[in-house]
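Asks: Here it is, the structure, as structure tokens.
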């Protein structure tokens, strides 16, 4: 690829996050005549890729491994064939970050939701009672991904009393230490300028339950009706999720937004570091425990239990921490067991091939 075309790629793709480091990583594929692009949508073995020539439809048959964490996903930077019908994605560049969840708390398979994300925006609706444990779960996955989390309290116009709103923000802040908490009303435009400033210049993934107001929030940030939004039920102010695929869109003020479907299940997947980050105050207290392997159950000299007794640490936080750690440990154990089973299966397959070859060889010597 010539320096002129390389400069053209940089200019055309910069609004989607392309930079010099991505260009350096892509250099070997540019030498092969492949085009750089970013995946904006994945659908049934194909994907839409934005390139310097516009959005192209490409087949992912060459990058569809058995490992679900290595499939092409929204946010990936890929190398695409310059022509062909169909044209193919040949590879994707190593990911800087990846947002991964477990497909089920009872299974060990992971599902990658978005790649190369800088900000993980967790949308939480104020139209319903706050579920702090679920917020902590989302934040654990966000921290584990490598992205910077942000909690956005949507539909803030439904809480007109500023004192009540301040208490709700404070409640969420206790479940999200070190994470900005921003009340927003897309209907009234409140808080949108602050949110737009936070996510500008990077890639943000928008996460949350069905009806959390993600599509309305995405439309407000985009300044257009890019997402299909269903009517909200007047009886309770709840919405119904409308985004059915993960879409990547350039924001008018800079930055890129990945909108995701409403997530009913948010299972952890090897997110131990993320859990520790969410409950950082428990980790700090644990350093003061008398025993280094203190389980914070009934041990003497436990600083965590002492903090609960004094009211410095809500008991709910410790219970939530224990629950998430137990779940994560189960998933890790199952993942390790599945990996060992796959290795044994491969050994048996190779052994069968070797046995067949030996029998064929012996038969030829008779």
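Including glycine, each Cβ sits where the backbone N, Cα and C put it.
What Swiss-Prot records for 107-266 is domain 'CP-type G', and it gives sequence analysis as the kind of evidence. Residues or ranges marked as GTP binding site by Swiss-Prot: 154, 155, 156, 157, 208, 209, 210, 211, 212, 213, 214, 215, 216. The Zn(2+) binding site annotation in Swiss-Prot covers 289, 294, 296, 302.
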Asks: Compare the C-alpha of residue 289 (Zn(2+) binding site) with the C-alpha of each of the binding-site residues 154, 208, 212, and give the closest one.
Replies: 208
Asks: Judged by the number of other CB atoms within 10 angstroms, which among 214, 296 is the least packed of the binding-site residues?
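Replies: Each of the binding-site residues 214, 296 was scored; lowest Cβ tally within 10 Å is 296.
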Asks: What is the total of other Cβ atoms whose distance to the Cβ of residue 289 (Zn(2+) binding site) is within 10 Å?
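Replies: Residue 289 (Zn(2+) binding site) is surrounded by 19 other Cβ atoms within 10 Å.
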Asks: Quick check: which same-chain residues outside 289, 294, 296, 302 lie with their CB within 8 A of the centre of the Zn(2+) site CB atoms?
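Replies: For the Zn(2+) site, the extra neighbours are 285, 286, 290, 291, 295, 297, 299, 301, 303, 304, 305.
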Asks: Which value does the mean pLDDT take for the domain 'CP-type G' (107-266) in this predicted structure?
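Replies: A mean pLDDT of 84 is what the predicted model shows over the domain 'CP-type G' (107-266).
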Asks: Should any of the binding-site residues 154, 156, 208, 212, 214, 216 have a Cα within 10 Å of the Cα of residue 294 (Zn(2+) binding site), which are they?
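Replies: Close binding-site residues: none.
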Asks: Within 10 Å of the Cβ of residue 210 (GTP binding site), how many other Cβ atoms can you find? Include all protein chains, please.
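Replies: Total other Cβ atoms inside 10 Å, all chains included: 16.
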Asks: Using Cα coordinates, what distance in whole Å links residue 210 (GTP binding site) and residue 296 (Zn(2+) binding site)?
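Replies: Each residue's Cα considered, residue 210 (GTP binding site) and residue 296 (Zn(2+) binding site) end up 35 Å apart.
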Asks: Can you tell which of 154, 216 has the least company, meaning the fewest other C-beta atoms within 10 angstroms of its C-beta, among these binding-site residues?
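Replies: Selected from the binding-site residues 154, 216 on minimum Cβ neighbours within 10 Å: 216.
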Asks: Residue 216 (GTP binding site) to residue 296 (Zn(2+) binding site): how many Å between their Cα atoms?
Replies: 43
Asks: Other Cβ atoms within 10 Å is the metric here; tell me which of the binding-site residues 156, 212, 302 scores highest.
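Replies: For the binding-site residues 156, 212, 302, the Cβ with the most other Cβ atoms within 10 Å is 212.
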